[in-house]
Amino acid sequence: MTVLERRIAPVVFCAAVLLLPVDGLVYGVQMPYWSPISPVLFLAYVLLNARRLPWALRRHPYVPVMFCAMAAVSVVGWVTIGVNPTYLGRTTLAVTAAMALVLALSLAFDRSPEAGGIRPHTVVTVAVVAYAAAFLFGVFTWLAEPAHFGWGAVQRTLNPVFLRQYFSSRPQFLFAEPSYIGMHLYGVLLPMFWLTRDRRLPVLIAIFAVGALAMGSGARIAVDSAVALVLVAVMMVRWRRLARNPRALAGAVAGLAAAAVAGAAVVLSQPRLREVLTGGLLSSDASMSARLLRTVAPLMAGLRDPLHLLFGFGAGNLGVAMERGYGPAMAWYTAHGGMMTQEIEEMRHPFAPTLNRAGNVFTMNAYASFVTEFGLLLAIAAVVLLLVHITRHHAWSKTTVCWLLLLAYLYAQFEAYAFYALPLFLWATGRRRGSRSDACPRAVRRLVQ
């Protein structure tokens with residue numbers, strides 16, 4: 001091992017884990033509606049381990065295949081529409097960082113003698129410290145709100161630091177958006193618990209979720225918690241054993257029903273969600289309406305342009321699709337009673353200046369963004385490749401199915417290609433059972449059983 005691999009690289013990896021919850025500062029790398037730091041550090045970790053990179057690529061051959069496929073289909077959009085250097089750079093960096101994280105996890109937890117991997121317990125400890133600090137910072141901003149202690153000096157100091165400021169009415173846990181709380185809790189920390197069984201993680205998740213709800217962090221964390229609660233309950237039940245015990249089976253069904261009722265109660269406790277249920281998705285909540293229109297607009301552009309629907313508008317051309325699809329999307333939106341807000345009005349010209357520091361070119365939906373930029377054909381191919389990947393590594397299990405369903409739900413409301421949830425899933429399901437290079441062999445065996 002070189003000095004870089006032995007001393008510098010582990011520090012860089014742990015720094016990336018430490019900064020996982022920090023994705024809303026102006027000092028981060030700006031991507032669609034968030035500005036993380038960790039993806040760049042994970043990429044740096046891979047570069048520091050360039051000597052072992054061919055080994056990691058052999059473990060995950062789909063990484064270069066998908067990267068080349070995304071570049072190839074983008075040529076259609078670049079030739080017919082053009083290239084936006086700014087947004088092309090952001091998309092390229094996001095995709096590269098996501099693929100680098102898969103490789104970084106393989107390199108970091110490789111326990112072969114020539115590698116000297118990082119201990120999973122150390123990584124979990126760093127993650128617990130990071131998210132605990134993020135939660136405490138959220139409590140601090142909640143106390144500084146005008147409705148509580150009204151620490152104006154604190155708010156004036158923090159205002160220039162964040163890409164988007166919402167701590168005047170809701171706690172800001174270092175995330176770019178209140179709705180990202182569930183992405184971190186159930187997309188990162190919960191799977192981390194499934195893999196390591198470290199009891200500190202569920203305690204942290206519970207405190208974070210309950211605290212966020214108590215401090216009024218928004219409706220999304222309530223829905224996310226309800227979905228996660230039901231999926232975890234389904235995952236924990238051992239159905240094969242219960243099939244031989246009718247009484248235990250009835251108890252398990254009753255427990256699942258109780259979990260569903262508890263989840264529904266959490267959801268209905270949110271006034272915004274009650275308004276959506278009674279008033280509809282398009283006319284009762286400004287944020288919900290804008291998110292739906294952001295999803296519909298670029299897809300409308302694709303439906304009116306079969307070539308770009310199939311092959312995409314090209315990496316970095318999401319804003320072009322939003323602009324082209326705004327007219328027909330608004331016609332559909334107003335016909336169904338959608339409300340008009342300043343955010344929706346600004347979507348007419350997504351590249352125009354906006355008060356939102358995060359910009360206006362984003363959908364908040366990973367599926368809409370991927371289909372828009374890379375086309376329906378590659379989206380279908382990516383799903384098939386994912387299923388083949390799981391099957392090839394014999395990773396199908398109840399945990400895998402529940403984890404996959406949870407990811408499918410989470411990414412429907414967050415478009416960041418570089419977010420950590422999917423790369424973590426790809427790495428975990430791609431582990432080799434019984435391999436000496438497994439850093440978490442027991443956890444992996446538990447995952448695939």
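Glycine residues also receive a Cβ, built from the backbone N, Cα and C atoms like all the rest.
The following features are taken from TrEMBL:
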{"type": "TRANSMEM", "residues": "34-50", "note": "transmembrane segment"}
{"type": "TRANSMEM", "residues": "62-81", "note": "transmembrane segment"}
{"type": "TRANSMEM", "residues": "87-109", "note": "transmembrane segment"}
{"type": "TRANSMEM", "residues": "121-144", "note": "transmembrane segment"}
{"type": "TRANSMEM", "residues": "179-196", "note": "transmembrane segment"}
{"type": "TRANSMEM", "residues": "203-236", "note": "transmembrane segment"}
{"type": "TRANSMEM", "residues": "248-268", "note": "transmembrane segment"}
{"type": "TRANSMEM", "residues": "366-391", "note": "transmembrane segment"}
{"type": "TRANSMEM", "residues": "403-427", "note": "transmembrane segment"}
Task: In contact by Cβ distance (the transmembrane segment (403-427), the transmembrane segment (179-196); 3 or more pairs under 8 Å) - done: yes
Open item on the list: Is the transmembrane segment (403-427) in contact with the transmembrane segment (203-236), using at least 3 Cβ pairs under 8 Å (sequence separation of 6 or more) as the test?
Closed with: yes
- [ ] Flag the pair the transmembrane segment (403-427) / the transmembrane segment (34-50) as in contact if three or more Cβ pairs fall under 8 Å (sequence separation 6 or more).
- [x] yes
